[in-house]
Amino acid sequence: MIPVVALVGRPNVGKSTLFNRVTRTRDALVADFPGLTRDRKYGRAKLEEQEFILIDTGGIDGTEEGVETKMAEQSLAAIEEADVVLFMVDGRAGLTSSDEAIAKHLRSREKPTFLVVNKIDGIDADAASAEFWQLGMSKVYQIAASHGRGVTSLLELALAPFMEELVEESLRDENGEITDLTEFEDFEDEEKDLTEEDAEKDFARLQDQPIKLAIIGRPNVGKSTLINRILGEERVVVYDMPGTTRDSIYIPMEREGQEYVLIDTAGVRRRGRINETVEKFSVIKTLKAIEDANVVLLVIDARENISDQDLSLLGFALNAGRSLVIAVNKWDGLNNEVKEKVKSELDRRLGFVDFARLHFISALHGTGVGHLYESVQEAYVSATKRVGTSVLTRVMKMAQDDHQPPMVRGRRVKLKYAHAGGYNPPLIVIHGNQVKELPSSYKRFLMNYFRKSLEIMGTPIRIQFQNSENPFEDRGGKLTLSQERQRKRLVGAVKNRNKK
């Protein structure tokens, strides 16, 4: 399961700065879908091959009535749900009573906690960090979040238990005490150039696996009723797979020879209905379920307007690149006029996910539930279907013939060839000249062209653009071996002619 890292600390210690730096590229993926609401407190990030969820808990002030009463409930929830806590303090401001109150609470939780002294750029880092030893943490780590100094190394240490390579030993100083991480390179989320070999590994990993289906949505939309309907119809023996108390319930089942694993989340509460703690717990469970799923089934209540929280859940699913099916529940009992209004509203607000199948169902009575399987399978097949380089290149050239790429700095962008870069979601890698300069409008055109030509339904498509290297670049006017030989022949011919 994907790890969750929580940023904890009093206001203005740099939590948001660190959050924005670490999640900036991953968050940008949502921008491909205009009109989508993004929750900025929760972000996906990736360090090497390790994906993780980062939570900005907001500021905590425990100075007046004690940390248990003054902490925001969502921050408490995030601490409980997190696998790792990064406790941030301000190296310039020094130790405060709020820091001490927060540290006391964190020590009582026995959670893997890293004390991070931020804002040490331009000052004596060791001197600024010394007083924070009073907080009783086993180690003190030093970073400058605004410049990214030490961030990568800190994350490597925090995520070491979840990564294949443990890097803690190589980063420990001679005394094994204060680890100054600022000498290491800045945190950069560079895009890895994906190859056909990467795609084949991805494809092999997905073979002979059950379809993992996460059923998500706010409470009272009928999610539990739908799960019971599905399991009741299939007459399967239900048992809970091993997991921690904070994980979702995994339920294996089979239908018509196809194996599934249903991931039952706790749902996401709307603020005002219940307290913040339960809501935040639910968000984290849902995020982890989405990451672990192949296909996400979002359940929406037909009798309530689609909410920003519904759109935020969609954003998480799209950001994770998951296949998507949408079920509009409680459709029975609505008159035709109301149904038309609901359809119109859904078309208006869900236009950016027109690739997802939309079903109108009644989980209580079973109406339309059977058709969900068809869309789930269609989405999964689309997300994992192997497509060869020749086919992808042919489709790319057809798109280029139909609509030429624009000019960039007086030169026409040239698309050379395309190949698969991964699956679930399908990732297409396009090579060419100046392809990274293509405008968003042309990238969307290519995405839609591939979708239509390859009949991909139910899953987002990602395209990575790689500039082809010029084999003559940086040669400084040097001739190739064949050119050198030709030059010698020409010089020899001229000399012979002059002798005559």
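Placed from the backbone N, Cα and C atoms, the Cβ positions cover glycine too.
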Which stretch, out of 181-200, 461-480, 481-500, is listed as region 'Disordered' by Swiss-Prot? 481-500
Give me the Cα-Cα distance between Lys223 (GTP 2 binding site) and Gly9 (GTP 1 binding site), rounded to a whole Å. 35
Just how many other Cβ atoms lie inside 10 Å of the Cβ on Gly9 (GTP 1 binding site)? 27
Between Gly217 (GTP 2 binding site) and Asn12 (GTP 1 binding site), how many Å separate their Cα atoms? 33
Have a look at the binding-site residues (Asn12, Asn220, Thr265) and report the one with the fewest Cβ neighbours inside 10 Å. Asn12
Across the domain 'EngA-type G 2' (211-384), the model's average pLDDT, rounded to a whole number, is 80
Could you give me three numbers for the domain 'KH-like' (385-469), the DSSP helix, strand and coil residue counts? 32 helix, 26 strand, 27 coil
Reduced to three states, what secondary structure does DSSP give Gly217 (GTP 2 binding site)? coil
